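Here's the structure we're looking at; comments come further down.
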Amino acid sequence: MQFIDEAKIFIKGGNGGDGCVSFRREKFVPNGGPDGGNGGCGGDIIFIGDRHLNTLINFKFKQHFLAQNGRAGAGNNRTGKSGQNLVLKVPVGTQILSNNKEHVIFDLTKDGQEFIIIRGGKGGLGNTYFKSSINQKPRKNTVGEIGDSMWVWLHLKLLSDVGLVGLPNAGKSTFLSAITSAKPKIADYPFTTLTPNLGVVYINNNSFVVADIPGLIAGAHLGQGLGDKFLKHIERCRIIVHLLDITAENLLQNYYTIRDELSSYSLSLKDKTEILCFTKTDTQSNEVIMSKLLELQPVINRVIYPISSYTKYGIKKLLANILSELQKS
């Protein structure tokens with residue numbers, strides 16, 4: 001299924017039904033009083049978070065969503081039927097933004113969470129409502145209210161516990177497939193991953209969700225590469241796992257490239273707990289691995305976990321550490 005994380009839609013509440021002008025007319029009551037009923041209310045527009053959804057694809061090809069109008073009132077004081085509410089299911093993590101994108105109207109962060117964004121119009125009043133001691137046969141009614149309407153943006157920010165970051169071809173997708181049942185596309189060239197991928201890790205009777213986003217390059221926060229479009233999907237994560245390809249040159253420069261991009265995009269990303277890994281260690285000798293650890297760790301003042309997604313070396317220890325950090329946060 002195509003991954004869509006942004007959509008602009010028009011939503012409108014249903015119109016209220018008109019009130020009715022009617023008079024009681026029966027065989028032996030030729031001049032009965034007013035009995036016009038009120039109109040029904042228009043339907044509301046309701047958003048609901050659904051954990052079974054992970055894309056806004058349903059809003060790509062349909063842009064206008066209208067709730068049902070209320071029915072007009074009728075004689076014998078019958079109130080018109082209210083319009084049916086329109087329920088729009090969106091993935092958990094969807095933000096509803098104003099048309100200019102400057103205001104977050106609501107953030108759906110839980111499964112089953114509901115938000116009534118627009119109320120339908122109220123039904124009009126029938127002539128029974130206007131009967132009084134000085135006006136026994138009113139011919140007055142009111143029309144139903146027009147339902148409110150607006151354009152809104154839907155922005156999806158995936159919910160995960162752990163976000164994977166790194167340069168293109170750092171081994172993020174291979175790592176995700178090694179620790180979860182996710183099956184992202186894997187190939188030996190940059191930008192294999194074109195959309196975010198989610199996977200669930202099960203360890204020691206616990207579980208956590210991992211998000212893999214397309215690789216970052218210098219200038220990602222300015223729109224270079226694919227990172228700018230997808231960095232938002234790790235804004236909600238609790239921990240960042242930073243993967244460095246041990247076979248690459250300039251490891252220190254590569255490390256700071258990613259750190260700079262995270263800082264430039266969002267201070268909240270910069271301040272998240274970071275766990276650093278060397279990937280593809282199965283291609284290097286123990287001497288080379290140790291040499292690079294001793295070279296880099298003192299400079300950045302961080303522990304680096306050497307791992308291999310191919311042989312599973314170091315994976316168990318890394319996952320245990322991730323779980324420990326998650327339990328602290």
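Placed from the backbone N, Cα and C atoms, the Cβ positions cover glycine too.
Feature annotations, courtesy of Swiss-Prot:
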- 1-159: domain 'Obg' (DOMAIN)
- 160-327: domain 'OBG-type G' (DOMAIN)
- 166-173, 191-195, 212-215, 279-282, 308-310: GTP binding site (BINDING)
- S173, T193: Mg(2+) binding site (BINDING)
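Looking only at other Cβ atoms within 10 Å, the busiest spot among the binding-site residues N169, S173 turns out to be S173. When the alpha carbons of S308 (GTP binding site) and S173 (Mg(2+) binding site) are compared, the span between them is 13 angstrom. Cα to Cα, G166 (GTP binding site) and S173 (Mg(2+) binding site) are separated by 11 Å.
Neighbour counts were taken at the CB atom with a 10 A radius for the binding-site residues K172, K280; the maximum falls on K172.
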